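Presented below is the structure to which this report refers.
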Amino acid sequence: MDDQTRMLAGLGGLGGLTQDVGDPDSVRKQLGQPQQDIGDILQQIMAITDESLDEAQARCWPEEAPAQWGGTDDPTEGGGAGRGTAGGALPLNFQHRKHALNCHRMKPALFSVLCEIKEKTVLSIRGVQEEDPPDPQIMRLDNMLLAEGVSGPEKGGGSAAAAAAAAAAGGSPNDGSIEHSDYRAKLAQIRQIYHSELEKYEQACSEFTNHVMNLLREQSRTRPISPKEIERMVSIIHRKFSSIQMQLKQSTCEAVMILRSRFLDARRKRRNFNKQATEVLNEYFYSHLSNPYPSEEAKEELAKKCAITVSQVSNWFGNKRIRYKKNIGKFQEEANLYAVKTAVDAANVSAQASQANSPATPNSGGYPAPCYTPDGRL
DNA sequence: TTGCATGATTCTAT
DNA sequence: ATAGAATCATGCAA
C-alpha cells in the first residue's frame, strides 16, 4: 500500500465519514471533530506536496508511473502536459492504481478541501485583478469597425456605412454610390482580411483553450484543480488572445482611416451637371428671378428632374444667386434666352390647352414675342 | 499652361 | 436652419 492509498484509507476510517462525501461543508464539519486526525492528514498532505516530483514518482510508481498531486500548477509548463493523459498506452499497474484512486469515495471531498486551501493561498495571490472591465479601447475599436462596416452584418453594411461616412464627412454626398466603387472594393478587401485573421485568432484561441482545459480536467483527476481554477486559466488565455485581437482591430482601423482619407475626402472632385440639368435649373431660376428661392418641395422636384440631390440643388441656387447678383450684366444674355424659352414653353402649353378646349382655334403658335425687362423678367 | 466656369465647402450673420 | 459671401478645387476650352 503506498502513501496515498494509505492516506485515503485513513481518511475513510475517520469516525462518521460515511455519508455526504461529496459535500465539502459536511466533510469539513466532520473533519472538524477529530483534531488529531486532521493534523495527521494535513501532515501527510504536506509531506506529499513538499516532496519533489521525482521523489513522489519514485515512491508511488517506482518504475513507470508519473507523480500525482505534485509539481507545477501550470499545465502548459514542462512535464505537466501529457502526463495525465488517460490513454490506453499506460501500463496496467498504473491504470489500476489510478482507477482505485479515482473511484475512492473520499476523493471528491478531499479534492474539494484541497482546492479550497489552494484557492485561499496560491491563487488568491495571483489572481487579484481577474475581473477585467470591458476595455474602453477595444470598445472604441469595435464601434469604429462596426460604423465603417468592417465588422457587423455582411453585404450592404459596407456600402451603407460608406455612404453614411460620406454624408457625415461632406454634408452633401455626391449621390454616395457613384464614385466610390473603388473605395468599396478596397473596404471589402480590408473587411475580408480582417475577418479571416479574426477567424484564425478565434480558432487558435479556442483550440488552445480546449487543449488547456482538457489538460487541466484530466489532471484534476489526480491533482486538486477546481473548476474555478480552470475558468481562471481560460480567462488568462482569453486575455492574451484578446490583446492580439486588439492589435488586429487597431491596424484594421488604421487601414480604413487611410483608405477613407484617400477616397472619401477627395469629395471635392466634382462633375459638372449635364446640360439638361443645368437647363432645368436655369429655367427655374430665371422664371423666378424676382424670388429665386425654391421651396423644399420645388427643390425636391428639381432634384428629381435633374437626377441630383436636394443639397446640390441648394448649392446650385446659392451659387447662382450670388454670382448673378455680383454680375448681372454678364448674365443678361442668359436671362433673356431663358425668358424667351419660358415664354415659348408657356405659350405652347397654353395653346395646347386651348386647342383641347376648342380645336378650331386658329393661329395656335402665333403669340407675340415675350416682353421682358432688362433683368430678364417677363 | 492658363484662365474662366462651376460645384462644393466653410464661415458668418440673421 | 438658411442665405450670403468667400474660397477651394476641379473641369474644360483656348
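Every residue, even glycine, has its Cβ placed from backbone N, Cα and C.
All annotation found in TrEMBL is predicted automatically rather than curated by experts.
Residues or ranges marked as DNA-binding region in TrEMBL: A:266-328. For the DNA-binding region (A:266-328), the DSSP-based tally of helix, strand and coil residues reads 45 helix, 0 strand, 18 coil.
Summarising the annotation, TrEMBL assigns compositional bias 'Gly residues' to A:77-86.
According to TrEMBL, the domain 'PBC' annotation covers A:33-265.
Regional average pLDDT for the domain 'Homeobox' (A:264-327) in the model is 87. Under the heading domain 'Homeobox', TrEMBL lists A:264-327.
Feature annotation from TrEMBL assigns region 'Disordered' to A:1-31 (among others).
Annotation source TrEMBL lists region 'Disordered' at A:64-86 (among others).
Here TrEMBL flags A:355-378 (among others) as region 'Disordered'.
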